[in-house]
Every structure is written in structure tokens, then in C-alpha cells.
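According to TrEMBL, the protein carries these features:
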- D:62-109: domain 'NADH-Ubiquinone oxidoreductase (complex I) chain 5 N-terminal' (DOMAIN)
- D:126-404: domain 'NADH:quinone oxidoreductase/Mrp antiporter transmembrane' (DOMAIN)
- D:30-49: transmembrane segment (TRANSMEM)
- D:70-96: transmembrane segment (TRANSMEM)
- D:108-131: transmembrane segment (TRANSMEM)
- D:196-218: transmembrane segment (TRANSMEM)
- D:239-266: transmembrane segment (TRANSMEM)
- D:272-294: transmembrane segment (TRANSMEM)
- D:306-327: transmembrane segment (TRANSMEM)
- D:333-351: transmembrane segment (TRANSMEM)
- D:363-382: transmembrane segment (TRANSMEM)
- D:402-428: transmembrane segment (TRANSMEM)
- D:449-472: transmembrane segment (TRANSMEM)
- D:579-598: transmembrane segment (TRANSMEM)
Amino acid sequence: MTVAGVLDVVLRLVLVVGAFLLLPLLVGQLEHKAMAHMQSRVGPMYAGGFHGWAQLVADGVKFVQKEHVVPTAADRTVFSLAPAVALLPYLLVLAAVPVGPGLVAVDLPAGLFFALAVLSVSVLGSIMAGWSSANKYALLGGMRTAAQLLAYELPLVLAGSSVVMAAGTLSLSGIVLAWRPWWLVWQAAAAVVFFVSGLAELARPPFDMPLADSEIVLGPLTEYTGLRFALFMLAEYAGIVVLCALTAVLFLGGWRGPFGDASLGPIWLLAKIFLLAFVVIWVRVSTPRLRSDQLQRLAWLVLVPMSLGQLALTGVVKVVTS
Amino acid sequence: MTGAELVFVPLGAVALGSSVLVVTTDQLVRAALWLVVALGALAGCFLLLAAELVAWVQVLIYVGAVVVLLLFGIMLTRAPIGRSVDLDSGNRVAALVVALGTAGTLVTVVVGGFRTASIDLGDGSAGSAGTVGAGLFRYWVLPFELLSVLLLAALVGAIVLSRRDIGPRARDGGED
Amino acid sequence: MHVVYPVVLAALLFSVGVYGVLARRNAILVLMSVELMLNAVNLNLVTFDAWLKDTLASGQALTLFVIAIAAAEVGLGLAIVLLVFRNRSSIAVDQLRDLADRDAPSAVPGETVAEREAAR
Amino acid sequence: MTAALAVPVVLAPFLAAAVGLPLGRRLPPGIVAIAGTAVSAVLAIAVAVSSRPAETLARLTPTGGIAVTVGVRVGGLSATVAVMVTLVALAVQVYSVGYLRGDPRYPSYAALVSLFTAAMLTVVLSADLLLTYAGWEVMGVCSYFLIGHHWERPAASSAAVKSFLMTRFGDVGFLFGVFVLGTAAGSFRITDVLAAVPTMSHTTVLAAALLMVVGVVGKSAQFPLHSWLPDAMAGPAPVSALIHAATMVAAGVYLVALLFPVFLAAPLALDVLAVLAVVSMLGAALAAFASADLKRVLAYSTISQLSLMFAALAVGGRTAAIAHLVSHAAFKALLFLCAGAVITAVGGGLLTDLGGLRRAMPVTFATMTVGFAALAGFPPTSGFFSKDLVVAAAGHAASGEAALVTVAVAWLVAVAVLLTAGVTAAYATRAWLLTFFGTERPAREAGPVLTGPLLALAAPALLLGLAALRWPELRPEWGSALASVAVVVLGAGVVLARWRAAPGRDPADLLGRARPLLASAWHTDDLYERTVARAVTGLAERVVAVDDRVVGRAVTGSGRNAGRLGGLIRLSQNGNPQLYLTGLLAGVLLIAVGVVVLA
């Protein structure tokens with residue numbers, strides 16, 4: 001390995017970490033402002049001047065300053081590790097997302113599998129947090145997380161498999177290269193299933209049964225304060241970024257845009273990510289929370305059959321066109 | 001020692017150490033978490049052996065599904081936080097003897113048998129999705145299909161076992 | 001890379017799994033130990049697949065099969081464990097003794113039948 | 001023709017037994033048994049009338065050794081005895097209907113009597129020694145059951161066991177005698193055996209004859225195996241009549257008569273037989289005189305009279321013996337049935353409890369008087385003639401005319417026979433006096449079912465001797481007749497004189513201090529008790545102890561140890577699956593290590 005090669009890798013990783021630190025904050029800010037406007041409330045407008053842009057930074061500073069509280073009965077080690085376990089997988093996934101032709105931190109042949117596998121690990125963070133808090137709300141939240149994960153993992157993987165079949169490769173870069181605009185129609189069902197299942201895995205509204213602040217306070221996060229709570233929030237926004245990035249890459253052509261050359265790739269991808277993030281926020285604001293039985297019903301009676309139908313459609317089209 | 005070996009040995013140590021912790025820790029949930037570590041380290045070992053697809057499947061299925069299921073089960077059976085005094089049965093000594101005997105025998109045999117054998121990893125394409133997929137669907141189709149039937153049977157079985165409105169009534173209420 | 005490293009690791013993992021299966025009381029821990037043993041086997045399969053450069057990819061294919069079967073096994077196993085827990089409020093393997101010779105004066109030395117029945 | 005008639009003679013009572021046992025309770029009492037015996041009697045008379053020797057044989061499954069055959073053999077001797085057996089059995093069956101009225105066990109009793117009769121007829125008519133032996137044994141079993149008819153009484157059950165054991169002891173001798181004869185002759189057919197006697201070695205014949213004597217002594221209750229017969233009185237009176245008169249004891253005499261050629265070839269056996277007969281004859285007669293019980297008197301008299309027959313046989317008077325057997329059957333059956341009637345009327349058989357029944361029971365008195373007269377040998381009863389034949393035979397032997405036995409033994413026999421005749425007259429008179437004379441006591445004559453057989457048997461007891469005058473060889477000789485009549489009158493006269501002198505007192509007091517000794521039959525029972533019985537009991541106790549301490553403890557100990565060992569192994573079966581799995585894996589490990597090390 002040459003020095004240039006090492007430098008190349010290091011540079012890419014630094015870029016990824018930078019994006020990882022920046023993008024979730026942007027999404028968070030977007031959520032704050034979009035929600036505020038949608039719900040016709042102004043929200044903080046002073047921090048940093050324009051539209052209170054520094055409010056999120058101020059929140060972060062506030063979190064850092066807050067006291068670390070660990071419940072007496074809690075499993076201290078697991079309690080402390082949980083935010084890291086929840087956050088780190090998203091960083092790893094981000095490293096595998098191609099942002100332009102050849103512009104990817106780590107190009108894995110089985111990239112999609114890697115992404116899905118690592119994503120599923122992050123759920124462990126919630127479960128760990130829920131169990132180790134020694135709080136019944138937290139425990140209930142942890143168990144809801146586990147149940148939700150098990151239910152939505154299947155349609156998620158099946159929808160991803162549909163794209164993989166269409167593209168004939170597991171590599172994320174390969175999928176982007178194989179993508180054609182008419183896939184928007186062909187893989188529409190898979191896209192919906194993937195996106196919805198992803199939302200559920202992230203426990204974003206309307207699938208936020210595990211958090212459900214009106215029922216079980218804040219689920220696994222109930223006992224968390226200060227920086228650790230901030231890390232969980234960061235993990236949530238990082239999750240949104242990763243989900244949107246994966247959806248964009250798999251179903252929306254990733255860095256490919258309707259015009260402009262390949263050098264505009266990162267721009268196109270970012271645009272798609274933020275568009276999808278806006279949809280996530282929009283859905284959160286506009287839909288009520290599902291009950292747990294509705295949640296399971298949606299997964300097993302709608303999403304799984306839909307993804308299976310999509311898989312069959314993909315197979316048929318694939319055979320016909322080849 | 002090659003580079004791969006240099007990485008493999010610590011990974012293996014992690015896998016072995018955490019698996020020992022899985023069977024010795026006196027905290028149930030931590031056993032499951034150590035199992036995650038052990039399985040992750042093993043996935044790394046698979047990667048080093050050029051079995052990429054297997055490694056990711058390992059993480060996806062084992063860490064993402066199996067361990068979550070196990071944790072789910074642990075929580076449903078009301079595991080306590082902290083130490084449990086009774087995680088080990090009275091069978092420990094015999095188990096230790098048998099396990100050490102197994103380890104001794106197996107290590108002796110495999111070291112004797114494979115002392116000089118060496119793996120040539122080649123271009124690393126042996127474990128790619130394409131190769132494995134081709135092998136799977138070209139030569140292993142029948143077992144693959146059988147496996148799907150097995151999974152279906154397991155699915156049905158699990159549903160029958162856990163639903164209370166099917167099959168014989170439970171004798172006492174018990175859990176929620 | 002030497003074959004010995006992964007193979008020895010697999011042997012040791014298997015033994016650890018054996019210990020866990022034999023020494024652990026909690027049925028879920030026993031299931032975990034079984035997973036360890038299965039993984040040891042997987043490691044062997046992958047190792048020999050790489051060593052032999054099998055054209056059928058049998059080692060890795062079988063590993064995938066084992067992983068799938070393990071998932072099914074854990075699903076069913078947990079269903080059974082939960083059922084047992086529901087019926088007996090205990091999943092201690094060494095207390096589930098319906099296989100015992102019922103008329104035995106004392107299965108465990110120093111333990112009376114009444115105690116054993118109470119423990120059940 | 002004769003043989004064809006003879007087969008149903010045996011089968012009819014047998015069938016009666018087979019039918020009567022299961023169906024006896026549903027049919028009117030005794031009908032099957034009486035019918036079977038009657039058919040048998042009619043046929044036996046027909047056979048006797050046709051009176052031609054005949055034989056029919058069927059071979060059984062080949063057994064490899066000497067062939068065993070089944071068949072009947074009719075001769076003059078067997079035809080006569082068969083008629084006697086069937087007629088007495090018929091009388092007994094009829095009598096039993098009345099005697100055992102209301103007895104719940106009557107059906108099985110009647111069936112057993114039928115079987116008893118069939119067995120005796122088998123002995124009499126069999127053409128094969130082994131078949132004879134079979135009948136011989138069946139008789140033993142039947143006597144066991146019949147003597148123990150009132151098994152709830154200790155005396156009856158112990159008497160049954162005693163008779164069974166003592167006759168069994170003799171049967172062993174008989175069986176081995178049969179084996180010796182059969183192997184020596186190469187056949188068990190009686191005809192063949194008798195024909196082969198001259199060719200046999202002297203030792204063989206002697207051994208066979210002595211073994212036969214053992215068997216006969218047991219069956220016919222001769223000294224020293226006599227003591228079961230008086231005890232057998234515990235059975236019902238008709239059974240006693242049957243045993244004493246027609247079956248069982250008669251079988252011994254019949255067998256010696258049948259196999260007489262064998263004894264002729266072995267004079268030493270005849271000597272032994274003669275000595276035993278003399279001892280039995282006198283001893284039993286004296287015991288009868290001292291005995292306090294009517295039936296025991298009759299029992300001892302049976303022993304004595306049988307000895308008389310054996311004595312006759314020993315001195316060569318085969319015809320005399322058979323004649324006495326037949327007449328004895330008639331009057332002894334009569335006497336026993338009369339005794340049964342008396343016991344039924346009074347409720348007990350002790351002579352001291354009897355007396356004065358002459359008026360109350362005229363029929364019984366008359367018939368029993370005939371019986372006693374015949375027993376004592378008063379002319380012109382049948383007993384007189386037949387006994388006279390015996391006396392004559394003994395006299396001939398003593399004078400050396402037909403020297404079968406040594407002259408000394410012949411003299412001994414002659415003297416003993418005469419003495420016995422005197423004592424017999426004495427005890428017959430005593431019993432007659434004590435039963436029917438003296439203080440009167442209230443009693444009722446028995447019904448016609450009982451008295452009928454009495455009358456029917458009194459006729460031959462009285463007239464058989466006169467009827468036999470047809471045959472020259474059965475006519476009495478004047479010398480011996482005079483001697484015996486003199487002795488008889490003397491014996492009876494002494495007792496009568498004593499009775500006259502002291503009415504109501506037991507004439508047995510004449511014996512003075514010897515009476516208890518004689519009443520207990522010379523203490524033979526005590527002797528057996530002290531020697532044989534005690535030795536056997538001691539041995540049995542030791543065997544029981546060994547069985548208990550060694551065999552029993554070994555069995556229970558091995559069971560207990562197996563249980564303990566099983567308990568140890570059970571400990572592993574505690575239901576803990578981990579333990580099972582540990583064992584399994586340890587085993588696998590051992591095998592694997594073994595393979596690695598050894599391969």
C-alpha cells in the first residue's frame with residue numbers, strides 16, 4: 001500500500017466522519033424549523049441570529065453541561081455503552097454509501113448486505129438502553145423496539161432484495177450504475193416498503209411506539225440525560241440520514257441526476273437525501289402514532305405481501321427483458 | 001506470520017474470550033451482549049477467510065435477528081438486572097471436565113492433522129456473493145428448497161407454540 | 001494463512017459451547033451456547049472451503065444453511081422456552097425433571113421426594 | 001367277546017366318575033354312580049359266566065424302550081374278583097346315598113367312589129403291569145380323598161395323609177418290582193412276564209418278589225406298614241367297607257395271586273411273606289380284641305383276615321386265599337355297612353357307648369350277627385368254609401405235602417392260623433355282645449336305602465360257602481374243619497362265659513395288663529413316631545432351615561442387592577437433561593480418544 005493510497009483512505013474516512021457529524025445536525029435543524037412552520041409556532045428565533053440557526057448548537061452545549069445521571073439499580077456498563085452502540089453503526093453504513101462515481105469511502109462488493117446488517121445492530125442500542133435502565137417504561141420500550149425490529153426487518157430486506165435482483169449486484173455503486181429512470185415505476189412498491197420499514201426501524205413517528213412519550217414517557221431513553229441523551233438524538237438523526245441516503249441510492253438513482261455530469265453527483269445525492277428527510281419530518285408532523293397491533297398488522301399484512309409481490313414482479317420483468 | 005494471521009489471532013482471541021464470558025458471566029443480558037461480540041469477531045474471521053457474504057449474513061441473521069430474539073426471550077422470562085446467583089447448575093465440574101477433554105482431543109487431533117496445511121486466499125473472490133450464489137443455485141438448489149420448507153415448518157411451529165388460542169389450553173396463566 | 005489457526009479456534013469455541021450447554025441452568029443461556037457450537041462448525045466449514053477451494057462452494061453454502069437453520073432453531077427454541085416459562089415460571093434446565101424416575105427414593109442425595117416435588 | 005365285554009367293565013365306573021364330577025350337583029344323588037357301577041356289575045357277571053380266558057391289547061405310542069400296552073386280560077381269577085368288586089361297590093354306592101344324605105360333598109364323593117372302583121377294576125383286569133400300576137396309584141389317590149372326606153376334622157385329614165404316605169412307601173417297592181419283572185421279561189404284558197419267569201435268573205425273581213412283597217404289604221396293610229388302616233376309619237363307613245372289602249387292601253392279595261408263579265420261583269419271598277402274615281395275623285387279632293372302637297375292631301380284623309389270605313398264599317393255598325378273599329369281601333362289607341348303620345343310629349362308634357341295640361335295630365342285628373358269625377368262622381357261614389380251606393392248606397404244608405416254604409414256617413403258619421381263628425371268634429363275639437346286648441338304649445332302625453344293601457350282602461355272607469360246595473376243591477376237609485370249629489367255639493365260649501359271669505363288662509378285661517399294649521397295636525405307632533416320623537421331621541426342619549437361611553436369603557439377598565445396585569444407577573436417572581448430555585458427551589469423548597490413541 002502506497003503512502004498515497006493510505007492518504008486516500010484516510011481522507012475519505014475523514015470526509016465521512018465530517019459528513020456524519022454535520023448532516024444529522026442539519027436534519028435536526030430542518031426538523032425543528034419545518035415542524036415549527038407546519039404547526040404554526042415560531043420556536044426559538046434568537047440564537048445565532050437568522051432564524052435562530054444556532055439553536056441546535058446551543059442545545060448541544062446545554063446537553064454537554066448537564067449532569068450525568070445513572071439510576072442506582074441500572075447496569076452501569078451497559079447503560080453507558082448503549083448510546084455508542086446505537087450511533088456507531090450509522091457511521092459505518094455511511095462509509096459505504098457512494099456519493100459519486102468512484103466517490104465512496106469503502107466500496108464493498110456486498111454493500112447492501114453490509115448496510116442492512118450493520119443497521120440492524122444499531123437497534124441493539126435501544127434494547128440495551130431499555131433493559132439496563134432498570135425502569136419499567138424503559139424496559140417496555142426496549143421490548144417494543146425488539147418486537148418492531150423483528151417485524152420490519154423482513155420487508156426491509158425483501159425490498160432491498162428486489163433492487164438487488166433488478167440490478168444484479170449487491171454493491172451499492174453497482175446498483176446506482178445499473179439504475180434507470182423507469183425503475184421509479186418498476187420498483188415503486190419496493191421503494192415505499194423500504195422507506196416505511198426504515199422509518200419503523202428508526203422508531204420515527206408514526207412508528208414511535210417504543211418511545212411514545214405520552215404512554216411510556218420516552219421508552220428506552222427515559223433515564224438518559226445530558227450528553228448520552230444527545231447521542232441518542234444524534235443517532236436518530238443519523239439514522240434518518242442513512243435511511244434517506246440508502247433509499248436515494250437504491251431507488252432514486254443515487255448521485256445520478258436528470259442533468260449535469262457526474263461531478264454534480266454529491267449535490268444530487270444531498271438534494272435527494274434532504275428531500276427524503278423532509279418527507280420524514282412531514283410524515284412525523286402529519287400522521288398520528290400507530291397502536292402496536294396496527295403496527296404489526298401493517299408489517300405482516302401489508303408490507304410483507306407488498307414486498308413479496310414486488311419481488312415476483314421484479315423477477316418476471318427481469319426474465320422477460322433479459 | 002502473514003498479515004492476515006496477525007489480524008486473525010487477535011480477532012480469534014476476542015471471539016474466544018467473549019464466548020468464554022458468554023458461558024461464565026453471571027448476568028444474563030451481558031451474556032447475550034458478549035455473544036454479539038463473539039459473533040461479530042467471528043464475522044471478522046470469516047472476512048479474513050474471504051467469505052464476505054457469509055460474514056455479512058452472519059451479522060445480519062445472528063446479530064440482527066438471533067440475538068435480538070434471545071434478548072427478547074430473556075426479557076420475557078423476567079431476567080433480573082445485575083448478578084444472578086443460580087445461572088450455573090450443579091453440573092459445573094463434570095461440564096468443565098468434559099469440555100476440557102473435548103478441547104484437548106480436538107486441538108490435538110486438528111493440530112496433528114493440519115500442522116502443515118496452508119490456505120491460499122487467492123484474489124478473494126471465493127466468498128463473493130456471485131460465487132456463493134452461483135454455487136448455491138447451481139449445485140445446492142434442492143437443499144436450499146428443502147431449507148425453505150424447514151423454515152416454513154419452523155414458522156408454523158413457533159406460531160402454534162406461542163399462540164394461546166391454538167392447541168391445548170395452558171394449565172395456568174403464568175406470563176402476560 | 002495456516003489452517004491451524006481457524007481450526008484450533010473452532011475447536012476451542014466448540015468446547016466452550018459444550019461447557020455452556022452442560023453447565024448453564026438457564027435455558028436461554030443453553031441456547032446461546034448451542035449457537036457458539038454452531039458457529040464453531042461454521043468456522044470450520046468456511047476454513048476448509050477456503051483451504052480446498054471447493055468449486056461447489058460447499059463450505060460457504062453449508063454455512064449459510066447452518067445459519068438459516070440456527071435462526072429457525074432459535075425461533076422454535078425460544079417459543080418452547082417461553083411456553084415452559086409460562087407453564088412453570090421457571091426455565092432452569094435442571095429443574096425440568098419430568099424425565100426423572102418418579103419412584104426413586106431420592107434423585108439427588110439428601111433431597112426428599114417432597115422437596116423434589118415442591119421444587120418442580 | 002369276553003374281552004369286548006371286559007373293557008366296559010372298567011370304563012363304565014370311570015365314565016360315571018367323569019360325568020358325576022361336573023354334573024353331580026344337578027342330577028338326583030347317586031344316579032350316575034349307581035348306574036355306572038350297576039352296568040359294570042352286570043357286565044362283570046357276564047364276563048365271569050362266559051369264563052374263558054381272553055386278552056386284548058393296544059400298543060401305546062412307541063416309547064423306545066420296552067413297549068407299553070393298554071388292554072384287558074380276563075381269567076378265572078380276575079373275573080371272580082371283578083364280580084366281587086363290582087357287587088360290593090354297587091352295595092356301597094346304594095348305601096352311600098342314604099348314609100351321606102344331605103352331605104354337600106356327596107357328588108364328588110360318589111364320583112371318587114366310582115373312580116376308585118374303576119381303578120380297582122383296572123388293577124384286576126389289566127393286561128399290562130404298568131397299567132396295573134396306574135390303577136394301583138389311582139386307588140391310592142382315591143383312598144386319600146375318600147379317607148379325608150371330612151377333611152375339616154384333624155383326625156380325618158391326618159389319617160388321609162398317613163394312609164397316602166404309607167401306601168406310597170409300599171408303592172415304590174411295587175413300581176420297582178414291576179421294572180425288574182418288565183426288564184427281565186422284555187415286556188410288561190402279564191402273560192409275557194408269567195411266561196418268562198422260568199427263564200429269569202434266581203436273583204431277579206427273588207428281587208422282584210421281595211419288591212412285590214413290599215408293595216403288597218403297604219397296600220394290604222400288613223406288618224410293618226399296617227398302621228394306616230385303623231386310622232383310615234376316620235373316613236365314612238361305606239368308604240371303609242369299600243377299602244376293606246373289595247378294593248385297595250384286596251388288591252394286594254389279588255396281585256400276589258396273579259403273580260403267584262413269580263413267588264413260586266422265589267420261595268424265600270414266600271417265607272418272608274409267611275412270617276409277616278403270621279405277625280400281622282396274631283397281632284392284629286389281639287389288637288382287635290383290645291380295641292375300644294367298633295370300626296377299629298373291624299379294621300384290625302381286616303388286617304388279620306388279609307394276613308390269613310397271605311398265609312394261605314405263602315403255603316400254596318392260592319384257591320383258599322381267593323375263596324377267603326371273596327367271602328371276606330362279602331362279610332366284611334356287610335360288617336362295615338352294619339357298623340355304619342349302628343354309628344348313624346347311635347352317633348358314635350365307641351364300644352362303651354354301644355349296647356342293647358338288639359331290639360331297636362332288628363335288621364341290623366340280624367345281618368350283623370351273620371357277618372360276625374362269618375368272621376368268626378361258624379358253620380355254615382361262608383367264613384367257615386373259606387377259613388377252613390386256609391387251615392387245611394396250612395396243615396398240608398406243615399405235613400410237608402406241598403413244600404413251598406420251609407417246614408418250620410409251615411408249622412408256624414398252621415399254629416398261628418388256628419390261634420387266630422380262636423382269637424377272631426373271641427373278638428367277634430365280644431364286639432357282637434358289646435354292640436347288641438346289655439343295657440337297652442333308644443335307637444331307630446336305619447331306612448331301607450341302608451338296610452337294603454345289608455340284606456343283599458347278608459345273603460352271600462351266609463350262603464356263599466354252601467354255594468361253593470359245587471366245586472370239589474372248595475369243599476372242606478373234615479380234619480381241619482373239626483380243628484377250626486373247636487378253636488372257634490373255644491374262643492367264643494371263653495368270651496361268652498366271661499359275659500355270663502359279668503354282664504355288661506368288657507370281655508377285653510381278660511387281657512389284664514396287656515390290654516393297653518394290645519389296644520395300641522403293640523405301640524407300633526409310637527415306634528414309628530419316635531423313629532421314622534421324628535427323623536423325617538428333624539430332617540424336614542433342617543431342610544426348611546437351609547431353604548430359609550441359605551436359599552431364601554440368597555434369593556432375597558440377590559433381589560435386595562440388585563435393588564440397591566439399581567438404586568445407585570437410578571440416581572443418574574434424575575431427569576436432569578444436562579446430566580444425561582454430560583454422560584453422552586463424555587462417552588463420545590472416550591470413544592474419540594480411544595480411536596485417536598488406538599488408531
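Every residue gets a Cβ built from N, Cα and C, even glycine.
Bear in mind that the values here come from a model prediction, so they are computed numbers and not experimental data.
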When counting Cβ pairs under 8 Å to the transmembrane segment (D:272-294), the leader among D:30-49, D:306-327, D:363-382, D:402-428, D:579-598: D:402-428
Same-chain residues at least 6 beyond the ends of the transmembrane segment (D:70-96) whose Cβ lies under 8 Å from its Cβ atoms: 2-3, 6-7, 9-10, 13, 30, 33-34, 37-38, 40-41, 44-45, 47-48, 51-60, 106, 109-110, 113-114, 116-117, 120-121, 124-128, 131, 190-191, 236, 238-239, 241-242, 245-247, 250, 254, 257-258, 322, 325-326, 329-330, 333, 337, 340, 449-450, 452-454, 456-457
Contact check, the transmembrane segment (D:108-131) vs the transmembrane segment (D:196-218), 3+ Cβ pairs under 8 Å, seq sep 6+: no
Segment-segment contact (the transmembrane segment (D:363-382); the transmembrane segment (D:196-218)) at 3 or more Cβ pairs under 8 Å: no
Candidate ranges D:196-218, D:333-351, D:402-428, D:579-598 - greatest C-beta contact count to the transmembrane segment (D:449-472) (under 8 angstroms): D:333-351
Contact set, same chain, for the transmembrane segment (D:333-351): CB under 8 Å, 6 or more residues outside the stretch: 88, 91-92, 95, 99, 233, 236-238, 240-242, 244-246, 291-298, 357, 360-361, 364, 367-368, 370-372, 374-375, 431, 434-435, 441, 443-446, 450-451, 453-454, 457-458, 461, 506
Distant-in-sequence neighbours of the transmembrane segment (D:306-327), which means Cβ under 8 A and at least six residues beyond its ends: 77, 80-81, 84, 216, 220-222, 249-250, 252-254, 256-257, 260, 263, 270-271, 273-274, 276-278, 280-281, 284, 374, 382-383, 385-387, 389-390, 392-394, 396-397, 402, 404-405, 409-410, 413, 416-417, 420, 460-461, 464-465, 468, 473-474
The domain 'NADH-Ubiquinone oxidoreductase (complex I) chain 5 N-terminal' (D:62-109) [mean pLDDT, rounded to integer]: 79
Tally of residues which DSSP labels helix, strand or coil - the domain 'NADH-Ubiquinone oxidoreductase (complex I) chain 5 N-terminal' (D:62-109): 28 helix, 6 strand, 14 coil
